[in-house]
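*Asks:* Features from Swiss-Prot:
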type	residues	note
SIGNAL	1-22	signal peptide
DISULFID	Cys89-Cys105	disulfide bond
DISULFID	Cys93-Cys107	disulfide bond
DISULFID	Cys98-Cys112	disulfide bond
Amino acid sequence: MEMKNMVVGLFLIAAFALPALATSFEKDFITHETVQAILKKVGPSSNGMLDEQAISALTGKTIISNPVLEEALLTHSNSINALGGTLPCGESCVWIPCISAVVGCSCKSKVCYKNSLA
C-alpha cells in the first residue's frame, strides 16, 4: 500500500511540475534594447502602431539582458548551426513571430535577424 501511495504521489508531482518545466525552456525571448527600438519606431510621434496581436505577443516573450544574449551567441557561434556573422535583432521566434519586424527584422532558424536592405 505504501509503494502504491508513493507511485501515485510521484505521478501527481510529474503531472503538475513537468509541463511547467517544459514550457519554461521553450519560451521566446526579447532584449530590452529591442523593445525600446520597437517602441521608438511606433511611438506617439510616428505613424506606426502595434496591433492587439503584436502587443499580446510582446507580453508573451521573456525579456533578457543583452549580456545574456551575447554570451549565448558566443557560446554557440562555433556550433554546427553557426550564425554566420549576421546580426541578430535580440529576439527569438520559436513560437511567436518577430515583433521587431517593424524595425526591419525577419525570422530565420528561430532567431530574428536584421534585414540588410531595411
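The backbone N, Cα and C atoms fix where each Cβ goes, glycine too.
What does the local environment look like for each feature on the list?
*Replies:* A strand conformation is recorded for Cys105 (disulfide bond) in the three-state DSSP classification.
Around the Cβ of Cys93 (disulfide bond), the number of neighbouring Cβ atoms within 10 Å comes to 24.
Taking Cβ-Cβ distances under 8 Å and a sequence gap of 6 or more within the same chain, the neighbours of Cys112 (disulfide bond) are Pro88, Cys89, Gly90, Glu91, Ser92, Cys93, Cys98, Ser100, Ala101, Cys105, Ser106.
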*Asks:* If you count CB neighbours within 10 Å, which one among the disulfide-bonded residues Cys89, Cys98, Cys105, Cys107 has the smallest count?
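*Replies:* Per-residue Cβ counts within 10 Å for the disulfide-bonded residues Cys89, Cys98, Cys105, Cys107 bottom out at Cys107.
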*Asks:* Three-state secondary structure of Cys98 (disulfide bond) from DSSP?
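*Replies:* Note: Cys98 (disulfide bond) is coil by DSSP, not helix or strand.
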